[in-house]
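Below is one structure, written out as structure tokens, with a few remarks after it.
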């Protein structure tokens, strides 16, 4: 199921001509050719068509024009009925300019909804109707129950519940205020400005209140009422009654954006207020009538689609058999027959023979030895060969999969053979109904991904490639007299009890399994200590076979250390039903673990459905909405590791997305951004469909956002392809002229920002928009903030639109920096990081927030003349900061620079962020330093002539040290430098304490396909930088050495910067 083939207005054409001839077929058989404006609406075209039709024969057979709609063929080769006649001709995405007039039939509302859903997800909904896979059809029906529950939940308390869905409180996970933030308050009190609109002309009045930081919004409103009524000279009783009457009728809104304080959280728990406290700013809140907000909220209706009433096509028993048998009663080894392959395209002159490599895997772990077919000539890829595996069918775990690949062999006699995978595929050995696969099957394979070093891809997607022109492998599984099912929990428990009692009867000296038998009765203190030590090991730390045996033999005691579960699961022999059954019984009653630990159980190492369900239940119990938002990128990615479409993780995320619109917004875009990826387009498309059916009126907002992004993609495609050789002036003229077209103005104004749905993008400020100079022609766009109080937050919103760069790596890096910042803040370290907004919205398409009042180091150095630009004057940056921050604010600017520089030194070192030059390090006017453009991380640094260009662990140049030491020549001997070092040390150790979290977050992203995050070897770089094999003292010594290397090797960075500056000046 591929996404839309192009972003053009007609097939193969980016923009329609200003006037275009459209062929219109009328119900009476007449064809009328109309000359239409490209931006003409369908209602205009229809009116003109019926006026023209009167000049043709048989016009008397036509009914009134309102009885008809247009239909045509779109670029997806789909027949689409156009019910919405406000749509413009250029936005219909027609294959050819041809329209047919018909009388509509069927359910009009459902057709309109299906079209809207198809547009926003980038795939016609009817494609799902055509899929014959019963799992797909059952999922579509069953997931509607989650949708219905979520919609009912939103309407539970009528308007308030609906408001909570649309404007969920944007709060920190904990109400506790970190000490260093509390110290910024005046005896625990905060000054808040409350604004009130007092006339239809939007005249404003303000009240300044000094209140306790832990007041709830209702108390703030009460205090505002008291202040407003002070001039009325009310008695204390009258005042009390007045407060009681009006307190519940008002709510607080953040001035300048769509954030509301709707719940009784302490004021300082709201992120806006906490940010104001940290930055030393006065919060501005608007008092508005609750009813005015409630009256704006749409009442969502949820209608079950027609496919929900269809009968399931899944047959409970294969081949018409009326009986089933348990997997565990079969007494034979697994075997699979490889029949033949088709569409295997190889160069016969380069390849000697081909063969099929196969393996039975559980996650990334083989359950038995891999087995290969015989080698055959490329010209005749037929095997008809049974492959026997060293595993009994009853020992197959629930998540077992067959992994296979067609491989080529190259090499002459006596020379070393070269084996290369040509295509790969995976098959679940149990389907979604717990049934063991049987019979013949054809599997279309997938192309080999970049960076795959092995012949098999066990953590890749299961199932057939929808592209039928790829290599196809035909194979056959054993048939059985009855349908074979994986046993249910009662059978598993019974078997577990039997195996435990059998184990208890073994003599330890007479069995080969003695080192794995349960020994909880003889647990010594040093055994307990060893278990605790194993528990604290990081997720990438290898567990030896002896340690696995030790863990398993003390499995019952492990329940008292709940967080050891991931290590215990890795010690299970998943090819032994005895151990799997016992593990299931342990997991069934395992105490809950923290969400950050539970997330580890969702990566590719833990494929078992019961284990993953346990992890999701922990998330349901303990994961706050704030933390869920923080980890949403990873939780969407690990959906790829789920065996089946319907699972607890899908249901958990969907329910959260449908009860919290902010979560739903990013849930939508994280799924939508991967719809071009064929390995997940069906899974993600189905999930997007179910979300869009139940998200209510927010679908209209998503429609507007997608429409705007489509317009921008089209514009940048033209600039990169058709206008690439034009001058900047000609390109800008084209951009402005195009944006002034009515369809572009409609699409690009008055919608919610995809970067932050609390921010509205109003009118485009065309005079402030520009095309940036880099090769991919990013657009720097500027919108007005239409909020009535915009001057109290920001009056314009600047966003960079990029088409051609993969922003997923930037998005991940910024998320990790944001999490680092949270850890530091909670530990009392205020390092003032600036993880600006960044969102990938499609295949190498995305948005980046522009940070206000910021400049690149290169721009600042160039202001210092030729010496500054060529790095000969290291005082340029310090002088610029002094000029920007004169008098008393100078010390604050240096402090802010020092803190942020320390934070980014530690973050860029730990994450191995490369390509650090003076164009991607920026400084704000107030002194805050931050990094941008994270195209290289985990030590994948740029190379020149085969050598890494960057020779220092992180950027700490003389320019920075001069600023930190306030201009001192011997900067390393100053107290300011010592303070800077102390900040770095504390920051490094704080992140080291949370090493497991960061390793888990990167591990969960392995399925993303990012070029620099392909394997656990890439993530091992974080183990190295955090020195996890060392003691804390040794780790600190290691980091100290890196820091010394950074500032002593700063001259090499300066040389890189000189060449970068010269190159940029040459390009411009």
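Using the three backbone atoms N, Cα and C, a Cβ is placed for every residue, glycine included.
Small disclaimer: the values here were computed from a predicted structure and weren't measured.
The domain 'PI3K-ABD' annotation in Swiss-Prot covers 16-105. Residue counts for the domain 'PI3K-ABD' (16-105) under DSSP, helix first, then strand, then coil, are 21 helix, 32 strand, 37 coil.
Per Swiss-Prot, the feature domain 'PI3K-RBD' maps to 187-289.
Residues or ranges marked as domain 'C2 PI3K-type' in Swiss-Prot (evidence: sequence analysis): 330-487. The average pLDDT computed for the domain 'C2 PI3K-type' (330-487) is 93.
Positions annotated as domain 'PIK helical' by Swiss-Prot: 517-694.
According to Swiss-Prot, the feature domain 'PI3K/PI4K catalytic' maps to 765-1051.
The region 'G-loop' feature in Swiss-Prot is assigned to 771-777. Residues 716, 719-720, 724, 728, 731-732, 735, 800, 802-805, 1067-1068 of the same chain lie 6 or more positions beyond the ends of the region 'G-loop' (771-777) yet place their CB under 8 Å from a CB of it.
Under the heading region 'Catalytic loop', Swiss-Prot lists 912-920.
What Swiss-Prot records for 931-957 is region 'Activation loop', and it gives sequence analysis as the kind of evidence.
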Stretch among 16-105, 330-487, 517-694, 765-1051 sharing the most Cβ pairs under 8 Å with the domain 'PI3K-RBD' (187-289):
765-1051
Of the residues in the region 'Catalytic loop' (912-920), how many are helix, strand and coil by DSSP?
0 helix, 0 strand, 9 coil
